[in-house]
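TrEMBL lists C:K78, C:S161 with the feature active site, charge relay system. Per TrEMBL, active site, acyl-ester intermediate is recorded for C:S185. The domain 'Amidase' feature in TrEMBL is assigned to C:27-473.
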Amino acid sequence: MSLDKATVAKIAHLARIKVPEEELDHLAGELSQILTFVEQLNEVDTGNVPPMTSVAAQKLRRRKDEVTDGGYRDAVLSNGPETAEGFYVVPKVVE
Amino acid sequence: MSYIQGETGDWEIVIGLEVHAQVISNAKLFSGAATAFGAEPNSQVSFVDAAFPGMLPVINEHCIEQAVRTGLGLKAQINLHSVFDRKNYFYADLPQGYQISQYLQPIVGKGEIVLDLPDGSSRTVGVTRLHLEQDAGKSLHDQHPAKTYIDLNRSGVALMEIVSEPDMRSAEEAGAYVRKLRSILRYLGTCDGNMEEGSMRCDVNVSVRKPGEPFGTRCEIKNVNSIRFVMQAIEYEARRQIEIIEEGGKIDQETRLWDTTKFVTRSMRSKEEAHDYRYFPDPDLLPLELEPEWVEDIKKTLPELPDDKKARFISEYKLSPYDANVLVSEKARADFYEAVAKGRDPKLAANWVTGELFGYLNKAGKEIEESPVSAENLGGLIDLIADNTISGRIAKEVFEAMFETGEKAADIVEKKGLRQVTDTGAIEASIDAVLAANADKVAEFRSGKDKLFGFFVGQVMKATQGKANPALVNEILTTKLKG
Amino acid sequence: MAELTHLTMAGALDGLAKKEFTAVELAEAHVKAVETIRPLNAFITETPDKALEMAKASDARRAKGEAGPMEGLPIAVKDLFCTKGVLTTAASHILDGFKPEYESTVTSNLWRDGAVMLGKVNLDEFAMGSANITSHHGNVISPWSPGEVGNWSRQLVPGGSSGGSAAAVAARAALGATGTDTGGSIRQPAAFTGIVGIKPTYGRCSRWGVVAFASSLDQAGPMTRTVEDAAIMLRSMCGFDPKDSTSVDMPVPDFRAALTGDIRGLRVGIPKEYRVEGMPAEIAAIWDQGIEWLKAAGAEPVEISLPHTKYALATYYIVAPAEASSNLARYDGVRFGLRVEGGSLKDLYENTRGAGFGKEVRRRILIGTYVLSAGYYDAYYNKARQVRTRIKWDFDEAFQRCDVILTPTAPSTAFAIGEKMDDPIQMYLNDVFTVPASLAGLPGMSVPAGIGSDGLPLGLQLLGRPFDEETVLRVGQVIEKAAAVTATPPFMA
């Protein structure tokens with residue numbers, strides 16, 4: 001699979017990573033190379049093979065419905081780059 | 001079928017609903033933080049909910065149980081194997097950058113909801129699926145001119161997304177669907193259905209077509225938070241789409257918003273971009289496996305649901321479908337009614353509950369839980385009618401006083417001296433007095449003017465301040481006038 | 001007391017028990033050693049005050065007769081483990097200034113058992129790399145690099161991603177270090193630096209509080225100078241954690257007790273597919289030597305087949321980036337770490353993540369985003385999950401015929417910084433022998449087995465059945481003793 005610049009720009013946007021225009025070409029080359037490498041999997045017959053969900057052969061464990069966490073607003077906000085009045089703050093979002 | 005009249009003829013609206021119902025639980029779906037509504041911002045947030053590095057989800061068993069209970073209540077298929085997926089997108093109030101949801105393998109499959117329409121008829125709407133997912137946080141846009149404030153208290157609270165088939169054809173049906181679903185959820189105790197607090201929200205899919213034609217392109221109206229708005233938004237959106245098509249335009253599949261001040265739908269700017277959610281099974285969680293016995297145990301604890309209750313009210317109490325509907329729509333109403341009806345005339349009880357009581361509650365803006373007249377006291381009032389202590393007419397007066405004071409019917413009757421006169425001697429005396437005072441009218445009556453009977457009854461009731469037993473008055477008066 | 005830093009954990013525990021020295025003395029010696037090895041850039045954050053404070057508390061506990069299994073042992077912590085109040089960076093710019101308000105389960109377990117923290121060690125950014133050359137905090141240099149310290153003739157990589165852990169332990173600045181292994185990040189650097197590194201079975205160590213790279217593969221483990229030390233430290237790190245849904249509720253054995261040296265009758269699987277084309281002769285030779293050692297100890301080598309081995313890397317380079325692309329979405333400049341402002345929220349996201357992630361991380365996020373995107377999911381991600389199942393089946397079948405598997409750890413000895421850097425695929429090939437066991441969730445250990453013609457360490461890898469770390473450790477110690485590698489890095493504290 002060969003990715004073009006436009007596709008790389010689209011993926012970068014989907015991943016919310018700003019990629020400088022001048023790096024797109026090079027990146028497209030690298031990503032294409034990786035995709036070509038991983039496409040060797042097409043050789044493997046996986047007809048009825050179930051996709052692996054987890055290597056841990058066990059059941060999903062469940063918690064009791066008890067309040068055991070939270071209630072520490074200061075700790076939650078202490079690493080925040082911008083906070084005010086107990087909120088995280090971001091540039092205005094228009095819906 | 002209710003069609004909309006357009007320039008080019010009839011149009012049919014096609015509606016499907018996705019309802020997000022907040023699960024009643026103490027703690028969140030994947031964290032131990034509290035779920036209570038209205039707490040200080042970010043005070044019910046764990047590091048898991050705020051997606052700090054290295055934090056991991058562990059599922060709340062009760063939320064699974066609630067989803068299964070709801071599925072059973074919707075007569076739906078319970079999937080013993082289901083999978084939690086990540087739905088990836090960036091948004092201010094989605095700290096993980098993904099929402100843990102269920103995509104290809106939801107916990108609940110196909111079910112149904114029976115709509116009770118205003119004309120007393122019923123219609124079944126298919127439920128496509130129900131899945132569990134995390135709620136997002138809340139963005140506040142009005143705290144600062146240039147900033148959005150983020151509160152993550154709601155982040156991670158368990159939601160059930162209940163998706164309907166595109167089976168509805170009018171705003172009324174959509175309204176009935178939401179009402180019925182809310183009623184079922186409340187019966188089950190799985191969601192409080194409080195739309196004002198956002199614990200139930202609707203995404204409404206609307207398209208229009210000429211009757212008999214394939215489905216048109218749909219628009220999704222996001223996050224509508226009242227039944228009235230759901231209906232208004234559908235009406236508006238359908239007309240908007242018809243207008244566009246009739247003017248030769250094309251409908252763009254898009255996400256829209258119901259503007260609650262201008263009463264229009266408008267395109268959501270934040271959702272303009274095409275989404276690619278990149279769903280994949282959450283590697284922090286394993287597939288959810290349910291034991292059939294566990295599901296059976298939940299089934300055994302299901303309460304009687306509105307449809308069954310309605311059927312029982314009709315057969316057991318001989319109520320009309322309409323009255324039964326009104327009574328079963330809320331469990332508290334149905335319970336109230338049954339407490340009143342127990343050992344009494346069920347029709348009379350239904351009349352009093354749906355008539356006087358609901359009327360007064362409505363006027364006072366009160367819920368049944370806040371009724372000043374308890375079921376026991378209303379029953380007491382009906383007993384007084386049944387044993388002829390008071391007449392139906394006096395009973396209404398007594399009820400009014402009960403609603404104001406919360407006192408027992410018997411006490412009010414006693415205090416106000418409203419006890420019905422059943423002493424035939426006293427009634428006879430009154431009648432004699434009335435007949436004596438209106439000898440001319442008696443003569444007229446006897447010469448064939450039957451209509452005067454009512455006049456005599458009125459005079460007797462007036463003389464006894466309404467307390468005379470009407471049946472006795474009729475009986476004695478008839479005998480005397482024939483005289 | 002320079003010799004204190006050259007002790008093994010077992011030796012140090014002995015000395016502490018015999019009151020030959022105190023935990024504070026042991027910590028002081030290591031704090032100094034940490035300073036000495038600064039030219040290696042192994043540490044991102046040194047915590048000398050914390051080390052001394054913890055050592056003091058340790059001495060007090062020992063005095064009260066409450067010594068834990070790792071009482072007083074100074075260790076380094078890979079900077080991927082969240083440590084309360086101590087800067088935690090994942091070697092990424094995007095976590096600038098992040099001080100967690102919580103402590104990872106694995107480090108909590110270590111402190112519970114008496115270990116002492118020397119600081120947070122360097123790694124590849126978000127553990128993505130095999131050479132420790134992707135860290136925002138600079139490359140780690142292997143203490144095996146030839147030449148004058150600081151003016152090396154060749155700057156060798158320590159391997160990665162746990163390069164700082166490997167360098168610190170090999171250079172005698174810590175008795176052990178925590179590592180994490182997603183595709184070989186414990187085993188390959190252990191091999192490159194001549195130390196022991198074990199990745200236990202997936203689910204043994206809690207992932208809670210460890211910055212996630214690829215959730216279905218990430219597993220913590222110890223890096224030490226001896227197999228016995230690995231057994232000691234592994235026991236403290238493991239244990240059921242109800243906060244991690246993938247943590248396994250199983251008792252943790254006394255791994256040290258498994259080191260009996262008796263491997264008679266044990267069937268050692270030799271996978272033929274690992275004899276890859278172009279394998280350097282000395283790698284093949286050390287492997288053969290390993291087989292001979294085990295045979296001499298009474299084990300029985302059996303040839304096994306793991307037919308899907310050649311697809312493991314490709315599988316890994318779909319699964320790991322896919323999970324990473326989602327795991328790293330939370331680094332958005334809103335709640336912690338770096339924020340690069342922008343006019344809109346979208347700009348803020350893109351600027352922050354554009355500036356905050358290094359090139360390798362960016363590459364993997366983009367690959368991961370692509371393979372999960374609409375239209376490609378089945379062709380890439382789902383296909384990879386299916387192949388992963390087949391790789392797991394291969395191992396299941398192989399373990400019908402053998403009790404443990406022996407392979408080389410890495411296809412080469414350590415290379416120099418600057419080599420293999422232009423071609424991501426070449427770099428990925430470092431993990432060719434370690435990735436299959438990661439995909440299958442199996443325990444794997446690298447043990448020093450010899451020294452190559454370039455004077456650099458060579459490691460052998462042992463793979464075991466799920467939750468059978470005991471056999472892996474037992475066989476590993478047999479190799480360790482037979483190999484009896486005495487060479488040490490030219491630069492040590």
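Cβ from N, Cα, C; glycine included.
Caution: TrEMBL annotation is automatic and unverified by curators.
Mapped onto this structure are the features recorded in TrEMBL.
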residue	record	Cβ within 10 Å
C:K78	active site, charge relay system	32
C:S161	active site, charge relay system	35
C:S185	active site, acyl-ester intermediate	37
Pop the Cα-Cα gap between C:K78 (active site, charge relay system) and C:S161 (active site, charge relay system) into the table, whole Å please.
10
Averaged pLDDT score, the domain 'Amidase' (C:27-473):
96
Distance, C:K78 (active site, charge relay system) to the residue listed as 'active site, acyl-ester intermediate' (CA atoms, angstrom):
11
